[in-house]
Amino acid sequence: MPDMKLFAGNAIPELAQRIADRLYISLGDATVSRFSDGEVAVQINENVRGSDVFIIQSTCAPTNDNLMELVVMIDAMRRASAGRITAVIPYFGYARQDRRVRSARVPITAKVVADFLSNVGVDRVLTIDLHAEQIQGFFDVPVDNIFGTPVLLEDMKARNLEDPVVVSPDLGGVVRARATAKALGDIDIAIVDKRRPRANVSEVMNLIGDVEGRDCVIVDDMIDTGGTLCKAAEALKERGAKRVFAYATHAVFSGNAAKNIKNSVLDQVIVTDSITLSKEMAATGKVTQLTLSSMLAEAIRRISNEESISAMFN
């Protein structure tokens, strides 16, 4: 069996170290830096010939820098004769650009990134909760898209929620909400239906479901600016919700996210470490971060040993 080696870029070094600790191995020795003009510089400082190499790197902000680090690291490994290269991308950036809207003259950037990674020589991709599962089909190599839900569910169950109801923040998240509700004992769900009655009129947050006097659990795959999430929480509290918790795998937290969440009626926001939490977000006092290290370490072990990934969720 080829020697397994883990390497990390600069995007999520803490998560990479936690994964290495779980696997009882050290992170590989690589220097990922910048030339004076800003170009990415990579030097692999140990022998990887014939090794089963895993490169851990989310393509979160700064998205283009982190993507280029990953691409250049893959090329360096390929030229150093690595036996197999797996890109471990907990958060896959550009995933929201997965389609053309009608006849709009826009790119499908998720496909561009998939081609970029495939063409540079990656053999396999491991990611978590892709924004759109069909992105797996953009790649010409195998993609394992695993679920972060078990990590979030563990926290939900430990909170002793009172008469809980799972809430989808929009119509597109109903399938996720139903799956979460089933895992929590087939509890009720509610849906926040955001719509604009007519042009130049503020959006109205319509609520479908009973939340009065109950703990609400909003579930989503990611939180960006948090604007819609905070409005959904307000709508729930206005309808008598007791407490409102928000759960998401990916803590994108861009723009005014820190301000929005700090000033919101949300009781707690629970996310994972697929993206490193900024000091500004941590200072809000409302964000709890859970680690994906155990799940990712097990997935990496299974890939290296040619074992089933889907069996992790049976």
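Including glycine, each Cβ sits where the backbone N, Cα and C put it.
Taken from Swiss-Prot, the feature active site applies to LYS194. The ATP binding site annotation in Swiss-Prot covers ASP37, GLY38, GLU39, ARG96, GLN97. The Mg(2+) 1 binding site annotation in Swiss-Prot covers HIS131, and the record cites sequence analysis as its basis. Among the features that Swiss-Prot reports, Mg(2+) 2 binding site is placed at ASP170, with the record citing sequence analysis. The D-ribose 5-phosphate binding site feature in Swiss-Prot is assigned to ARG196, ASP220, ASP224, THR225, GLY226, GLY227, THR228.
Feature annotations (Swiss-Prot) mapped to structure.
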residue: ASP37; record: ATP binding site; Cβ contacts under 8 Å, 6 or more apart: none
residue: GLY38; record: ATP binding site; Cβ contacts under 8 Å, 6 or more apart: none
residue: ARG96; record: ATP binding site; Cβ contacts under 8 Å, 6 or more apart: ALA110, HIS131, ALA132
residue: ASP220; record: D-ribose 5-phosphate binding site; Cβ contacts under 8 Å, 6 or more apart: PRO169, GLY173, ARG176, LEU229, ALA246, TYR247, ALA248
residue: ASP224; record: D-ribose 5-phosphate binding site; Cβ contacts under 8 Å, 6 or more apart: VAL252, PHE253, SER254, GLY255, ALA257
residue: GLY226; record: D-ribose 5-phosphate binding site; Cβ contacts under 8 Å, 6 or more apart: PHE253, ASN256, ALA257, ASN260, ILE261, SER264, VAL269
residue: GLY227; record: D-ribose 5-phosphate binding site; Cβ contacts under 8 Å, 6 or more apart: ASN256, ASN260
residue: THR228; record: D-ribose 5-phosphate binding site; Cβ contacts under 8 Å, 6 or more apart: PRO169, ASP170, LYS194
List of residues, in chain order, with Cβ under 8 A from that of THR225 (D-ribose 5-phosphate binding site) and at least 6 apart: PHE253, SER254, GLY255, ASN256, ALA257, ASN260
Number of other Cβ atoms within 10 Å of the Cβ of GLN97 (ATP binding site) across all protein chains: 18
All-chain count of other Cβ atoms within 10 Å of the residue listed as 'active site': 15
List of residues, in chain order, with Cβ under 8 A from that of GLU39 (ATP binding site) and at least 6 apart: none
Protein Cβ atoms within 10 Å of the residue listed as 'Mg(2+) 1 binding site', excluding its own: 18
In three-state DSSP terms, the structure that THR228 (D-ribose 5-phosphate binding site) belongs to: helix
